[in-house]
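**Student:** Structure incoming, see below.
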Amino acid sequence: MPEYRSKTSTYGRNMAGARALWRATGMKDDDFQKPIIAIANSFTQFVPGHVHLKDLGQLVAREIERLGGVAKEFNTIAVDDGIAMGHDGMLYSLPSREIIADSVEYMANAHCADALVCISNCDKITPGMLMASLRLNIPTVFVSGGPMEAGKTTLADHKLDLVDAMVLAADPHASDEEVATVERSACPTCGSCSGMFTANSMNCLTEALGLSLPGNGTVVATHSDRKQLFLNAGRTVIELCHRWYGAEDATALPRGIATFAAFENAITLDIAMGGSTNTILHLLAAAQEAEVSFTMQDIDRLSRNVPQLCKVAPNTQKYHIEDVHRAGGIFGILAELARGNLLHTDVATVHSKTLGEAIATWDIIGTQDEAVHTFYKAGSAGIPTQVAFSQSTRWPSLDTDRTEGCIRDMEHAFSKEGGLAVLYGNIAQDGCVVKTAGVDASIHVFEGSALVYESQEAAVKGILSDEVQPGMIVVIRYEGPKGGPGMQEMLYPTSYLKSKGLGKQCALFTDGRFSGGTSGLSIGHASPEAAAGGAIGLIRDGDRIRIDIPQRAINVLISEEELASRRLEQHAIGWKPAQSRTRKVSSALKAYALLATSADKGAVRNKTLL
């Protein structure tokens with residue numbers, strides 16, 4: 001049987017010094033026979049999704065200790081993409097994913113932890129911890145801080161979120177008072193932003209991967225039911241320790257759970273719920289850490305066969321994550337996918353022997369279990385707060401309408417093809433990504449003239465000064481992982497296009513990426529990126545570009561000979577922006593850029609250079 005990793009530092013006379021230090025943390029003689037379980041928290045007062053996490057690590061720790069383990073908590077960094085957006089702060093967001101993954105690895109391996117509980121929530125924290133858990137491959141459970149409640153105001157007949165505030169602020173017809181009212185109401189509570197943005201998408205995907213408990217992605221941060229998720233995470237990690245160290249059960253380990261089939265399940269869910277395009281980036285990165293050969297080609301294949309069964313903000317103003325929970329949460333969507341034979345139900349999870357067994361237990365349509373129904377009635381209270389577990393509101397009924405509700409069955413899908421698509425062509429030879437869930441059907445085929453910008457800042461200036469006209473395709477390049485560096489999100493350009501009334505009249509194409517809050521014909525992750533010699537760097541103002549989502553194609557309409565000629569010219573001058581940028585790139589960011597791969601590889605480090 002496997003031995004506790006922690007014995008390396010707790011067993012034998014030669015470890016007397018290490019034990020002395022362990023004792024200084026509060027450990028006693030009996031504790032040296034127990035599993036030492038690391039709790040990776042991510043509390044910070046900078047991020048609304050993390051402001052309430054301060055005491056939650058100790059909540060998990062006390063449960064672990066009650067059940068016979070030793071719990072040791074540490075913290076990782078956490079960047080708020082919304083606060084970092086629109087300025088050079090966004091250069092640090094994606095690189096922070098690698099820092100988080102490394103820091104969890106460093107702490108767990110330096111101290112020989114036997115298992116891990118990951119308390120994550122926002123955009124790069126869940127992916128970073130996911131990468132670390134698959135790299136370490138020790139028993140691991142994820143539990144997130146939970147989604148924010150949606151905002152409300154008398155100025156709108158729909159719920160609000162961060163994007164509403166951004167779009168209204170750029171609308172010249174909106175008064176300062178109106179903007180201020182929406183701003184104050186858009187983000188009322190602690191938690192990750194209330195739509196199907198990147199943070200919530202990733203927390204939902206951990207359910208499909210099998211690494212978190214049901215409800216992890218959908219119980220709002222303020223609800224008392226989420227406390228039980230944290231306690232259950234402590235219980236579950238102890239059970240996983242017993243299964244691995246006591247019975248050598250490989251399905252107690254992250255790599256035994258997050259198999260190729262599980263990654264297919266995760267992206268199938270992602271496509272069905274119209275998740276953020278960033279999830280593709282992060283799943284590709286996580287798969288590499290798991291040593292699973294899961295690629296853009298697999299995503300492309302699945303995207304053609306999976307319908308969209310759930311539509312949530314920013315793809316509609318009608319529903320937010322709290323509404324997904326009322327409709328049965330992620331297991332409600334998984335159940336419909338299983339009924340359509342689109343899931344691998346024989347894969348393991350941290351809480352059930354198989355995903356199929358879990359669906360049978362947690363599907364509100366298939367079960368009569370009143371406890372399950374009560375769980376999914378957990379709702380929002382509409383009271384501004386930064387306190388976790390502070391309310392116990394429940395909906396009077398569940399949303400079980402699979403014809404016109406928040407979650408649909410296969411027959412009544414929002415669209416027969418899913419919410420994400422991979423496009424290929426002569427300006428994205430290794431692929432690019434579009435969230436079709438946010439694209440109006442009238443522009444699924446779009447042809448326009450290119451207007452090229454060498455940075456996000458230049459594009460924002462151009463959009464706000466009316467350089468961009470109907471029928472144009474805005475090209476923003478040298479914003480990839482290497483070229484940015486850091487692959488900035490383009491939420492401001494897309495939001496400003498909407499505020500200018502161009503959301504259905506223009507497209508945007510970039511080697512950068514998009515916030516989960518983005519909608520419209522926004523195509524990102526162009527690979528190879530411009531800084532790596534990608535053909536997006538060869539596009540010129542006025543070039544005609546054709547986008548064909550049904551055919552999964554994107555091409556600049558010039559000859560191969562012209563492209564080849566331009567490539568020779570570009571090689572001669574180097575793959576760098578044509579206009580100088582005032583951007584300050586620190587040595588830390590330069591180090592990231594040296595090793596960064598393009599988006600089709602998950603923007604992970606190029607290990608061949610190590």
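Here the Cβ of each residue, glycine as well, is placed from N, Cα and C on the backbone.
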**Student:** Among Glu489, Glu529, Glu560, Glu561, which residue does Swiss-Prot name as a further Mg(2+) binder in the site formed by Asp81, Asp123, Lys124?
**Tutor:** Glu489
**Student:** Hey, which of the binding-site residues Asp81, Glu489 is the loneliest by Cβ count within 10 Å?
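**Tutor:** Relative to the other binding-site residues in Asp81, Glu489, Asp81 has the fewest Cβ atoms within 10 Å.
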**Student:** Taking the Cβ of Cys193 ([2Fe-2S] cluster binding site) as the centre, count every other Cβ atom within 10 Å, in any protein chain shown.
**Tutor:** 31
**Student:** With Cβ-Cβ distance below 8 Å and at least 6 positions apart along the chain, what are the contacts of Asp123 (Mg(2+) binding site)? List them in sequence order.
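**Tutor:** Result: Val79, Asp81, Ser93, Phe197, Thr198, Ala199, Met202, Asn278, Gly516.
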**Student:** Would you mind listing, in sequence order, the residues at least six apart from Lys124 (Mg(2+) binding site) in the same chain with a Cβ closer than 8 Å to its Cβ?
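**Tutor:** Within the chain, Lys124 (Mg(2+) binding site) has Cβ neighbours under 8 Å at Ala78, Val79, Asp81, Ser93, Leu94, Ser96, Arg97, Ile100.
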**Student:** Mind giving me a neighbour count for Cys122 ([2Fe-2S] cluster binding site)? Other Cβ atoms within 10 Å of its Cβ, every protein chain shown.
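**Tutor:** Taking all protein chains shown, Cys122 ([2Fe-2S] cluster binding site) has 28 Cβ neighbours within 10 Å.
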**Student:** Compute the centroid of the Cβ atoms of Asp81, Asp123, Lys124, Glu489, then list the same-chain residues not in that set whose Cβ lies within 8 Å of it, in sequence order, for the Mg(2+) site.
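**Tutor:** After dropping the recorded site residues, what remains is Val79, Ala84, Met90, Ser93, Leu94, Cys122, Thr198, Ala199, Asn278, Ser515.
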**Student:** Between Glu489 (Mg(2+) binding site) and Cys193 ([2Fe-2S] cluster binding site), how far is it from one CA atom to the other, in Å?
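**Tutor:** Cα of Glu489 (Mg(2+) binding site) to Cα of Cys193 ([2Fe-2S] cluster binding site) measures 16 Å after rounding.
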**Student:** Could you measure between Ser515 (active site, proton acceptor) and Cys122 ([2Fe-2S] cluster binding site) for me? Cα positions, answer in whole angstrom.
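**Tutor:** For Ser515 (active site, proton acceptor) versus Cys122 ([2Fe-2S] cluster binding site), the Cα atoms are 12 Å apart.
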**Student:** Three-state secondary structure of Asp81 (Mg(2+) binding site) from DSSP?
**Tutor:** helix
